[in-house]
């Protein structure tokens, strides 16, 4: 049944306007973003199918274009709508660590990195640049793709740190497998970066590896030293 044929006030947009977004289900909120359905499905039914197909909102919003567009009736426009919404949500979360914000606890950093990096279908290597008071200067994605000792160039990090005049950094990356346990390659990369930063008197405070349910801190394991 088309949403326009539903009882008055039961459509997701009308319900949102009358009762507030908190009263909508995940599928109803997603339907508002999608705006319309596809042949044979209204927007709410389509939203339910998408959430079920991908196993939740996080994997859906981090899915690739190919993964989304392989579903019948979906194309680049729907994918663009999902990506725009996900990026807005990331930027909103990022406001908690805007320039000048102080990292008061590891949990704050974990929450931010979890939202930025968890459930991505590809690896992202990034850095949090901090001043001498551990206030945030900037969060920068250095590159995307398979991360190994050959693909991480210490000179690029050093150049960025000098450009932004950072006094300390936290590096981080995700494991698309969902398992956060660091590899030996991760430990070797960390040692190389720490040594490179030491040549310009900048501290590597931590390397955090983001998985689906856990974020491993090198500092907490005593691996930074």
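Glycine residues also receive a Cβ, built from the backbone N, Cα and C atoms like all the rest.
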From the ranges 145-158, 159-172, 173-186, pick the one that Swiss-Prot records as motif 'JAMM motif'.
173-186
Would you mind listing the long-range same-chain contacts of the motif 'JAMM motif' (173-186), meaning Cβ under 8 Å and 6+ residues beyond its ends?
117-126, 147-149, 207, 209-216, 218
Output, ordered by sequence, the same-chain residues six or more apart from residue 175 (Zn(2+) binding site) with a CB under 8 Å from its CB, or 'none'.
123, 181, 209, 210, 211
Within the domain 'MPN' (102-224), residues counted as helix, strand or coil by DSSP:
38 helix, 36 strand, 49 coil
